[in-house]
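Undergrad: One structure coming up, written as structure tokens, with questions to follow.
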Amino acid sequence: MSSEPPPPPQPPTHQASVGLLDTPRSRERSPSPLRGNVVPSPLPTRRTRTFSATVRASQGPVYKGVCKCFCRSKGHGFITPADGGPDIFLHISDVEGEYVPVEGDEVTYKMCSIPPKNEKLQAVEVVITHLAPGTKHETWSGHVISS
């Protein structure tokens with residue numbers, strides 16, 4: 001019996017030895033209304049926003065817009081500003097009130113810059129002011145109503 005420890009395991013030196021061959025892989029994707037818009041990464045949320053950014057946003061003006069799309073399972077969507085301009089990113093943590101936004105809902109919101117470059121904006125303190133007519137709305141607790 002030898003008192004020397006066994007040599008440490010060596011990592012594989014060739015891709016084929018670990019099953020990573022250069023083969024084209026395609027992934028089926030479901031159509032998404034959010035595909036044309038770029039989602040910030042990492043997603044800025046109410047929890048991760050700094051106190052100073054929250055204060056600046058709260059003191060800012062209130063804007064009006066329409067919900068372009070919102071995916072509850074993904075936790076984000078976009079608002080089309082009433083005065084034109086590029087769509088504004090919306091995170092689930094910034095939606096106030098009892099209803100999940102749907103396409104066509106009229107909303108009011110304030111804006112906050114998205115770090116680290118602060119070049120883009122996101123909607124915060126989002127409030128649904130008018131539910132889109134003829135659509136079903138869900139509450140955060142799961143109840144469905146027709147508007």
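Each Cβ is built from the backbone N, Cα and C atoms, and glycine gets one as well.
In case it's useful when we look at the structure, here is the feature table from Swiss-Prot:
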- 1-52: region 'Disordered' (REGION)
- 1-12: compositional bias 'Pro residues' (COMPBIAS)
- Ser2: N-acetylserine (MOD_RES)
- Ser30: phosphoserine (MOD_RES)
- Ser32: phosphoserine (MOD_RES)
- Ser41: phosphoserine (MOD_RES)
- Thr45: phosphothreonine (MOD_RES)
- Ser52: phosphoserine (MOD_RES)
- Ser58: phosphoserine (MOD_RES)
- 62-129: domain 'CSD' (DOMAIN)
- Ser146: phosphoserine (MOD_RES)
- Ser147: phosphoserine (MOD_RES)
Undergrad: According to DSSP, collapsed to three classes, what secondary structure does Ser146 (phosphoserine) have?
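TA: It is in a strand.
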Undergrad: Would you count the other CB atoms within 10 A of the CB of Ser146 (phosphoserine), including those on all shown protein chains?
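TA: Result for Ser146 (phosphoserine): 9 neighbouring Cβ atoms inside 10 Å.
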Undergrad: In the predicted model, what is the mean pLDDT computed over the domain 'CSD' (62-129)?
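TA: Averaging the confidence scores along the domain 'CSD' (62-129) gives 91.
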Undergrad: How many of the residues that make up the domain 'CSD' (62-129) does DSSP mark as helix, as strand and as coil?
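TA: Here the numbers are 3 helix, 41 strand, 24 coil.
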